[in-house]
Each structure stands twice: as structure tokens, then as C-alpha cells.
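Colleague: Input: one structure, supplied below.
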Amino acid sequence: MAKIVKVIGREIIDSRGNPTVEAEVHLEGGFVGLAAAPSGASTGSREALELRDGDKARFLGKGVLKAVSAVNNEIATALVGKEASNQAEIDQIMIELDGTENKSKFGANAILAVSLANAKAAAASKGMPLYAWIAELNGTPGVYSMPLPMMNIINGGEHADNNVDIQEFMIQPVGAKTLKEALRIGAEVFHNLAKVLKGKGLSTAVGDEGGFAPNLESNAAALACIKEAVEKAGYVLGKDVTLAMDCASSEFYNKENGMYEMKGEGKSFTSQEFTHYLEGLCKEYPIVSIEDGQDESDWDGFAYQTKVLGDKVQLVGDDLFVTNTKILKEGIEKGIANSILIKFNQIGSLTETLAAIKMAKDAGYTAVISHRSGETEDATIADLAVGTAAGQIKTGSMSRSDRIAKYNQLIRIEEALGEKAPFLGLKAVKGQA
């Protein structure tokens, strides 16, 4: 048992050049946990609040000194002397001290950084790897799996400065036998995609998550480029590699007229038409997972989409559920989607994140662990994916160290666990077992 002796917050810089909160939690015996909060670009309206200073003279208003001050003062005072291994209690103290529904007093960025740093410090004090401690906190000690990567190799929407409406076009190396082999397949497809794009005279500049961000005439053209790259790399699309998309539909949904307006290809759809547009893409390409295929508030549209596609495609709720058990519970009751994206800064603590994963799994939904578009070298989500045996992870493409840090941590974990952490491949995806 080790008590907290010191909590430190500081302002550091994320992968987009914006400030974020880093926290250190120090325990008796010299054990230290260090963690940083990520930050999203396309955010759900019901996410926990990321506290920014709003001082335009400093970091264009994006400073986080208020959140850092909360860590160094109110949070530190409340936590010193508390037992670090009581993660749920630590998180509850911060949530109650904040006292708001959406963590707007201290900021989810402050509370999450401390929550994760505390878990890391507790793991260190127990002489355990973080993934093993997370499995204990999850009530599933010793139960692990290596996640199937969903690699975002063409970026559009809010993650790129191009004319592609759909935010992420991803590959899943389902033919791999191990996580390490999956990363090799992903890297080979990524490099071949660069050749395909260059051959078409298209840009190979990368977006926030390390994927390419070319100007393409349509979403189908993005899928066609990926198909060509998969084949060029010597793999079979649909067998070795499957496809996934994050539509981030809320970003092009017009609330006034209820239409999905895809400006990049000059098309507008009603809610049901958009579902059938996606259905058409699924018939043409082996797309096994679609995230946020409707606006976060269009629950009727989601219900229809689940009815049409839910038995054959994993339908992931991101902006829809925002890692929030209250919203997820309602979605489960109404038969909305069949999977949840897990981003721990949407809810703001490790305990609440684990509760969302458990609720999803208990209801037969899958849980996909995810990064944010603004990241740091912090690789906690790799341990979270393994320690909860979630089965799937989204942490970007095969470039940018902020993305690769997570993949490299997964390589280390797979090496340490060997056969104790099976790589499930396509079986991890809802509707594909």
C-alpha cells in the first residue's frame, strides 16, 4: 500500500502544437506516475469539458493554466495522504470536488491527467506493468488480448485540410496472426499508398493522425486508392485486410434542414438516404466497421441504420455515446449501434472509462479503444486496450511519433505476454466472429 505524497500539474505541448495538461503523482517509496491528457478536434457536444484559459494573448486562447492550477492546488490538497491503489476513490474525490456534471470547474483534462498518473504510480508501487494493474481494476485480473489496429491511412473531415468529407478511412490487418505482424502489414500498405497517391499526382502530406490527406473527388475514390495500395503490397482486400470508416457525420449534418451535406462531392442526403449511401459502399468494398454514421442527435437515423446494417457491420458510437454510461445505457435500451468508441478524455477519469467498457461488453457491444487527434507521447491507451481485453484499438496511421508511441508499447506488451494475450484479428469486430 502506498499513499500519495505529492501531485504536480504542468502545461506541456501536444501533437498539434497546443497546450495540454500533464500530471505527476508521487507516492511513498519514491514511486511516480506521469500522464498527459489528449485533445479532440471533432468533439461530441456531450463530452466532458476540456478547460482552456481563453486568453487570446497566450496560445491563441488555448492555454491550460487554469486546469494546471486546479491540479497543483485543490486536487493536490484533496489527494495527498490518500491510498493510490483505491483508484475509484481517487477519481470520486476529484469528481465530487469539481461538483459539475461535465467536469467544467477543473476541466476533464486536469482530472484525467491525475487519474491516469495515479494508476501508473499505483502500478509502479505494486511492481506491476500498467496493463496488469488495469486488468485488476477492471475486475478481470490476468485476462488479456492484443487489439486489432484500425489504422487511419487517409484523413479527411476535421483531421485534414482537404475536400474529403468522411473523416477517417482505415485498414484493419485481419490476416495477421500477431499484433506485430499486423503493424508490418499496415506499414507496407501505408508505404504503397504513398506510391499510389504519388502516381496519381496527389499529395502525400499527412493529417493530424498520420494518414495521408489528398484532395480526392469522392469518398469512393479514397477507398479505391486504398484497395490499390493493399493489392500493390501483395495482400488480398477482404481476406488479409478489411476496411473501416469514421464518418464523423455530425461535422457535415445540417441541423436546420436535417440533411447530410457532403460538400466535397456536392451531394446531400436525408438520414435514411445516407444509410443507404453507406450500405452501397459496404457492398462495393469490405467495410466491416462504420463509426458515427449519423449525427449524434439523430437517434431515429441511428436506429434505422442499425436495423439496415447492424447485423453485418460494426456500428460504432463516438460522438453518439461520448464514453458516457448514462448515454450508452439509453442507446443499448433503444438498440442504437452495436459498439462504442472509448476515449477517456470524453468522460474524464479511468474509473468511468472502465465502467463504460464493462457496460458495453455486458450488453454484447464491442468497445474500441481510441486516441484523439491531439496526442502526446503518452501511451496509456495501449495498456488500456490490453488490460481490458477490448480487442480493437484506433491510434492512427504509420507515421507521427505521437501515434507510433502507442504501437511500440503494444509491441513491448505482446513480447512480454506472449500466448497470454491472443491476437483476435477479425473475430474482435462486431458481426464478424
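A Cβ is built for glycine as well, from the same backbone N, Cα and C atoms used for every other residue.
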Colleague: Which of these, Gln92, Gln167, Gln272, does Swiss-Prot say binds (2R)-2-phosphoglycerate at the same site as Lys343, Arg372, Ser373, Lys394?
Modeller: Gln167
Colleague: Out of Asp240, Asp246, Asp362, which one does Swiss-Prot list together with Glu291, Asp318 for Mg(2+)?
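Modeller: Candidate in the recorded Mg(2+) site: Asp246.
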Colleague: Quick one: Cα separation, Ser373 ((2R)-2-phosphoglycerate binding site) versus Glu209 (active site, proton donor), in Å?
Modeller: 6
Colleague: So how many other Cβ atoms are close to Lys394 ((2R)-2-phosphoglycerate binding site), meaning within 10 Å of its Cβ?
Modeller: 30
Colleague: Enter the number of other CB atoms within 10 angstroms of the CB of Gln167 ((2R)-2-phosphoglycerate binding site).
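Modeller: A 10 Å sphere around the Cβ of Gln167 ((2R)-2-phosphoglycerate binding site) contains 28 other Cβ atoms.
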Colleague: Near the Cβ of Asp318 (Mg(2+) binding site), how many other Cβ atoms are there if near means within 10 Å?
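Modeller: Total other Cβ atoms inside 10 Å, all chains included: 30.
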Colleague: Looking at the binding-site residues Asp246, Asp318, Arg372, which has the shortest Cα distance to Glu209 (active site, proton donor)?
Modeller: Arg372
